[in-house]
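**Student:** I am attaching a structure below and will ask some questions about it afterwards.
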Amino acid sequence: MMGLPGAGPLRSVLYVPGDKPRAIEKARALAADAVILDLEDAVAPEHKAQARTNVRAALLAGGWRVPVLVRVNGLGTVWEHEDREMALLSGACGLVLPKVEDDRAALELSLGRPLWAMIETPRGVLNAPAIAAVPGVAGLLVGANDLARALRTRPHPARIPLLHALSAVVLAARAHGKVPLDAVFNDVRDPAGFVQECEQGRALGFAGKTVIHPDQIEAANTAFGVTEEQAQQARALLTAWEEGRAAGRSVVTFGGSLVEGMHADEAQEVLALWAARQQTVIDRPEGND
Ligand SMILES: CC(C)(COP(=O)(O)OP(=O)(O)OC[C@H]1O[C@@H](n2cnc3c(N)ncnc32)[C@H](O)[C@@H]1OP(=O)(O)O)[C@@H](O)C(=O)NCCC(=O)NCCSC(=O)C[C@H](O)C(=O)O
Ligand SMILES: [Mg+2]
């Protein structure tokens with residue numbers, strides 16, 4: 001399946017280096033909500049051409065159960081045109097464009113396929129609202145490694161030096177109805193730190209997290225998903241809301257708290273996330289292995 005990114009939940013979005021065929025094949029069976037086949041920073045210059053060939057083959061072979069995007073090399077690089085042409089002709093359901101700095105770049109690349117803009121430079125952060133406003137842009141992804149380097153920040157376990165930028169990206173995306181995706185967590189051997197960062201990302205308003213290793217998928221799906229108890233609560237709230245509306249009330253109370261239309265909408269979102277989780281369990285009963 002290669003559906004439209006943004007149509008379903010994107011709790012976990014897995015980067016897979018284009019020059020690692022084994023990882024590309026492995027990604028087909030993993031429980032990420034979407035996959036990004038990467039031609040940019042995960043691939044050394046001498047492997048770019050082979051990576052493009054691998055990605056083309058993986059796309060044309062089909063059989064993907066989740067949306068597959070391609071991260072192309074950036075504007076001004078020697079690889080940009082061939083990457084974009086390959087991605088568009090091979091059926092990628094969206095392009096991830098790195099280091100987007102203004103809406104002009106995003107507009108030029110409105111190619112009739114959803115564009116996912118990476119915000120990973122200071123100018124990109126400052127221009128995030130204009131970038132998010134471009135109709136062809138489906139979502140914004142934070143690139144915290146590039147951003148931290150450009151800002152000269154120091155690593156911090158709670159990402160305090162980046163908080164302003166993270167929130168700016170969420171604000172810009174949400175203001176334009178686009179999907180904000182949180183940055184990768186580099187230490188694939190630190191599951192506790194990863195969970196902590198996922199929870200922070202969810203609290204900040206991100207819709208999901210970009211991940212770099214199979215072991216990070218389940219934790220991201222959990223952090224950006226919902227529990228059975230939350231789903232039950234949402235169902236009960238919706239019942240109370242619908243009964244109240246049918247009785248002609250504009251607002252109702254549920255468990256002693258005020259419920260208005262936006263709470264009902266929120267409950268619907270919770271149920272959509274729950275349904276996505278159930279689907280994952282049905283599709284992949286044996287987990288990620
Ligand atoms: C981070 C890694 C280099 C770790 O590699 P390694 O130590 O080799 O991993 P493992 O041995 O634990 O791998 C176990 C199996 O899992 C498969 N695997 C690993 N990673 C992936 C993946 N991303 N997708 C699919 N499958 C994966 C291995 O093939 C092993 O399988 P098997 O042989 O069957 O046992 C490595 O995980 C990695 O390369 N990750 C992706 C890195 C990447 O894509 N980076 C670019 C995107 S992030 C970025 O650029 C950030 C942004 O732009 C910014 O500025 O912040
Ligand atoms: Mg980057």
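Cβ atoms here come from the backbone N, Cα and C positions, even for glycine.
Automated prediction, rather than curation, is the source of TrEMBL annotations.
Quick paste from TrEMBL:
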BINDING   Arg71, Glu120  substrate binding site
BINDING   Glu120, Asp146  Mg(2+) binding site
DOMAIN    11-214  domain 'HpcH/HpaI aldolase/citrate lyase'
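Please situate the listed features within the shown structure.
**Tutor:** Arg71 (substrate binding site) falls within a strand when secondary structure is assigned with DSSP.
In this structure, Asp146 (Mg(2+) binding site) is part of a helix by DSSP. Cβ neighbour count for Asp146 (Mg(2+) binding site) (all protein chains, 10 Å cutoff from its Cβ): 18.
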**Student:** Using a 10 Å radius around its CB, how many other CB atoms surround Arg71 (substrate binding site)?
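**Tutor:** Counting Cβ neighbours of Arg71 (substrate binding site) within 10 Å gives 29.
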**Student:** Just to be sure I understand the packing, how many Cβ atoms besides its own are within 10 Å of the Cβ of Glu120 (substrate binding site)?
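**Tutor:** There are 25 such Cβ atoms around Glu120 (substrate binding site).
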**Student:** Measuring Cα to Cα, how far is Glu120 (substrate binding site) from Asp146 (Mg(2+) binding site) in Å?
**Tutor:** 6
**Student:** Per-residue pLDDT averaged over the domain 'HpcH/HpaI aldolase/citrate lyase' (11-214) comes to what?
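**Tutor:** Looking only at the domain 'HpcH/HpaI aldolase/citrate lyase' (11-214), pLDDT averages out to 96.
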